[in-house]
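Okay, structure first, notes after.
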Ligand SMILES: Nc1ccn([C@@H]2O[C@H](COP(=O)(O)OP(=O)(O)OP(=O)(O)O)[C@@H](O)[C@H]2O)c(=O)n1
Ligand SMILES: C[C@](O)(CO)[C@H](O)COP(=O)(O)O
């Protein structure tokens with residue numbers, strides 16, 4: 001295909017995701033669904049389509065770090081162009097289109113970074129419509145609910161006939177030059193209230209062809225949308241609706257000795273003592289490793305990493321948890337949740353809880369919502385109460401596609 005006729009994509013991901021709620025792990029496009037960031041999945045969908053020659057992703061200026069982490073969950077950045085977005089979606093799209101100007105595209109597809117379930121067939125359908133001569137292609141779903149109108153959102157003012165009404169999806173496809181000119185004209189006219197790109201095409205008088213959208217191609221807008229997407233992908237990985245659910249628990253304890261920090265759930269915490277014992281003596285990761293191994297009856301951490309083996313002295317305990325998670329996966333298991341309780345008088349766990357949960361999520365490759373870290377003191381009773389040691393109890397739940405021991 002000649003350079004002039006090639007097809008580009010603009011993926012907008014610079015929004016703040018206000019309706020999904022602000023959270024520590026960033027706006028919705030960086031939340032984990034089925035173990036990978038929403039945006040990583042969306043970008044992969046476009047990368048996997050051989051017809052797309054050039055892709056630009058538009059991100060928020062504060063999100064470079066989050067974006068780098070999301071990209072690590074794909075095959076890498078490749079020739080992806082990254083630009084910063086604006087205050088409104090419309091501005092973000094324009095920035096993305098401008099960044100593609102030197103690519104001499106024939107057509108461009110504009111897509112929401114938060115529609116990760118876009119299928120290859122839908123991308124092909126949009127491209128096919130453009131290649132058949134249409135100037136703009138819009139995937140839609142006919143409205144199927146009865147529509148009510150209400151100004152005050154209290155009582156119904158009337159019923160809107162739904163015939164001829166459609167919900168608009170992305171990717172929306174255009175002749176590159178037409179949509180760039182239309183966006184520039186809208187910016188020049190200070191019109192900034194367009195919620196999709198076809199509205200801008202309509203505003204400049206371009207004909208927009210309707211094509212079939214896909215019900216699965218939802219826009220993740222609310223926290224519920226994200227939870228539903230995570231469940232859908234997690235169950236798809238588990239590959240079953242009659243799950244073989246296994247629960248495992250683990251317990252570990254290590255002595256407090258002279259030192260200046262402890263490592264718990266993979267997080268280094270400054271402390272007036274250190275922990276002694278196997279590897280970095282991270283009781284939490286050791287207990288959780290045992291809990292995971294228990295779900296498939298594969299013994300305990302000592303069987304896999306004997307304390308007598310000097311290669312594990314001082315080792316970082318995430319190696320053990322990763323290994324256990326790998327065995328679970330090899331046996332057809334999907335980790336549904338991990339729960340750790342730390343039992344210690346000090347240090348305080350609360351300030352580190354979020355980092356610990358993120359660390360567990362990262363090691364296990366699951367959403368942070370599926371990881372829990374709790375702490376309790378031992379009410380100054382016994383060896384823990386006397387600050388002689390720290391203990392951890394862990395529970396893991398895993399769904400197996402088939403009997404792991406069968
Ligand atoms: N200034 C903006 C606003 C939105 N978007 C992107 O446009 C897509 C669809 O927007 P929406 O679902 O409305 O996302 P947000 O604007 O992030 O959500 P909210 O309105 O709840 O804050 C998202 O991929 C979002 O990241 C963008 O690139 N730049
Ligand atoms: C472009 C869009 O996805 C079409 O449905 C949608 O309009 C963008 O989301 P927003 O919530 O309107 O910003």
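Backbone N, Cα and C define each Cβ position, glycine as well.
Averaged over the region '2-C-methyl-D-erythritol 4-phosphate cytidylyltransferase' (1-245), the predicted model reaches a pLDDT of 93. Here TrEMBL flags 1-245 as region '2-C-methyl-D-erythritol 4-phosphate cytidylyltransferase'.
Annotation comment: TrEMBL describes 19 (among others) as site 'Transition state stabilizer'. A helical conformation is recorded for residue 19 (site 'Transition state stabilizer') in the three-state DSSP classification. Within its own chain, residue 19 (site 'Transition state stabilizer') has 221, 222 as residues 6 or more apart in sequence whose C-beta sits under 8 angstroms from its own.
What TrEMBL records for 28 (among others) is site 'Transition state stabilizer'. Its Cβ taken as reference, residue 28 (site 'Transition state stabilizer') is surrounded by 29 other Cβ atoms within 10 Å in the chains shown.
In the three-state DSSP reading, residue 162 (site 'Positions MEP for the nucleophilic attack') counts as coil. Marked as site 'Positions MEP for the nucleophilic attack' by TrEMBL: 162 (among others).
According to TrEMBL, the feature site 'Positions MEP for the nucleophilic attack' maps to 219 (among others). Around residue 219 (site 'Positions MEP for the nucleophilic attack'), a 10 Å sphere centred on its CB holds 17 further CB atoms from the protein chains shown.
For 246-398, the entry in TrEMBL reads domain '2-C-methyl-D-erythritol 2,4-cyclodiphosphate synthase'.
A C-beta separation below 8 Å, combined with a sequence spacing of at least six in one chain, links residue 254 (divalent metal cation binding site) to 275, 276, 277, 278, 281, 283, 389, 390. As annotated by TrEMBL, divalent metal cation binding site applies to 252, 254, 286.
Following the DSSP three-state reduction, the secondary structure of residue 383 (4-CDP-2-C-methyl-D-erythritol 2-phosphate binding site) is helix. Per TrEMBL, 4-CDP-2-C-methyl-D-erythritol 2-phosphate binding site is recorded for 252, 253, 254, 278, 279, 300, 301, 302, 376, 377, 378, 379, 383, 386.
DSSP classifies residue 278 (site 'Transition state stabilizer') as coil under the three-state reduction. Taken from TrEMBL, the feature site 'Transition state stabilizer' covers 278 (among others).
The annotation site 'Transition state stabilizer' is assigned in TrEMBL to 377 (among others). Within 10 Å of the C-beta atom of residue 377 (site 'Transition state stabilizer') sit 15 other C-beta atoms, taking all shown protein chains into account. Annotation note: residue 377 (site 'Transition state stabilizer') sits in a coil segment as assigned by DSSP.
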- Message: Based on a Cβ-to-ligand 2 distance below 6 Å, what subset of the recorded positions 162, 286, 301, 377, 378, 383 would you report?
- Response: none
- From the Cα of residue 383 (4-CDP-2-C-methyl-D-erythritol 2-phosphate binding site) across to the Cα of residue 377 (site 'Transition state stabilizer'), what is the distance in angstrom? 11
- Query: Which of the recorded positions 28, 162, 219, 252, 286 has its Cα closest in space to the Cα of residue 383 (4-CDP-2-C-methyl-D-erythritol 2-phosphate binding site)?
  - Reply: 252
- Output the one of 279, 376, 378 that, of all these binding-site residues, has the highest number of other Cβ atoms within 10 Å of its Cβ. 279
